[in-house]
């Protein structure tokens with residue numbers, strides 16, 4: 001206990017000592033007395049909270065009625081200068097509005113964003129044959145308004161337009177297309193508003209690195225003319241004309257080369273034996289079906305027009321060549337069948353006799369085969385020739401054969417070539433090997449000279 005009492009007494013003394021060392025707080029009465037130093041507690045006035053009255057705007061937008069065009073009662077000039085020929089372009093308007101003039105010692109312009117556009121007058125230009133159009137708004141509206149001290153205004157915006165272009169596909173894919181983007185005021189006639197290009201063709205400025213997948217940009221030019229509407233009157237219309245030429249290499253790989261190869265593949269049947277019916281028929285059907293697939297694929301990716309295109313001419317002529325190669329084999333097969341039937345009937349009419357004058361039943365030494373000897377069993381002996389008579393008959397037969405062959409040659413020289421071609425099916429294939437390639441090469445020369 002004495003030890004515990006001493007410990008409590010020591011802690012109490014320690015707490016008293018700590019309290020005596022703490023600084024005492026001063027209390028102020030709310031009045032600024034002399035004890036308060038002035039250089040520590042005097043507050044400087046906040047200049048940002050001092051009101052000097054309503055500020056005067058530099059542009060007096062609210063003092064004018066901007067629902068009316070500038071210089072109402074006269075004519076004002078307006079210039080449009082696109083920066084790109086494609087459907088995504090920078091459209092820049094220039095005009096003068098004295099109501100926006102402001103005093104400036106440095107003669108510097110002021111630039112604003114799209115919020116001021118809703119409070120002033122701007123030209124109501126629209127794209128005549130546009131299907132869709134919009135102003136880009138990432139990250140804000142892509143609109144810029146620049147006002148000069150004398151009232152000159154530059155109004156620029158970034159627009160994407162999908163416009164109509166009447167194309168002529170009669171020479172497709174060896175064609176060139178000329179399209180135009182037309183701009184016009186919607187409400188103001190030529191008496192109220194005049195549209196013109198600021199620098200003519202120089203108003204169009206394009207990026208030299210622009211390239212299109214299917215077209216080559218050839219040239220740009222600007223025009224302007226008046227457009228008349230029976231209900232409203234005459235309007236100024238501006239044109240951005242550009243000429244595009246289609247790249248042919250893609251269509252060479254996808255259309256022309258496959259079609260040419262199919263035609264050349266159909267010629268292979270002319271070198272196949274005429275008795276190989278499955279080989280020649282399957283080859284002909286394969287080439288015909290492949291040409292049909294190529295024609296269908298090309299027409300599926302093309303607009304449906306009521307006239308013939310250049311690619312249609314090439315594909316259909318190629319299809320005709322492939323189809324004719326199939327008909328050629330049909331003619332060869334038919335004539336071969338007719339010729340074999342005639343030979344079979346002739347063989348049935350002439351019985352095989354060892355003494356008769358037929359080259360297929362007589363060997364070179366004059367002896368008879370076993371089958372021929374059996375066929376002579378029903379004939380009288382007087383009809384059977386001796387060895388000496390047989391030799392004489394063979395000599396007479398050879399002489400007659402030579403005379404008949406010479407007379408046949410004379411007949412051919414007199415104009416019987418056509419009959420021999422139809423009688424000899426090998427001759428049809430032989431002539432087809434020359435006529436088909438020569439005709440197709442001639443067609444290509446004419447085609448590329450006309451359309452290229």
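For all residues, glycine too, the Cβ spot is worked out from N, Cα and C.
Quantities reported herein were computed from a predicted structural model and do not represent experimental measurements.
It is 434-451, from the ranges 416-433, 434-451, that TrEMBL records as transmembrane segment. Checked against TrEMBL, the range among 218-238, 281-301, 344-364 recorded as transmembrane segment is 281-301. As annotated in TrEMBL, transmembrane segment covers the listed stretch 248-269 rather than the other ranges in 182-203, 248-269. Residues 313-335 are the range that TrEMBL records as transmembrane segment, among 313-335, 382-404. Long-range contacts of the transmembrane segment (248-269) within the same chain, counting only residues at least 6 positions beyond its ends with a Cβ under 8 Å from a Cβ of the stretch, are 173-174, 214, 279-280, 283-284, 287, 290-291, 294, 298, 311, 314-315, 318, 321-322, 325-326, 328-329, 432-433, 436-437, 440.
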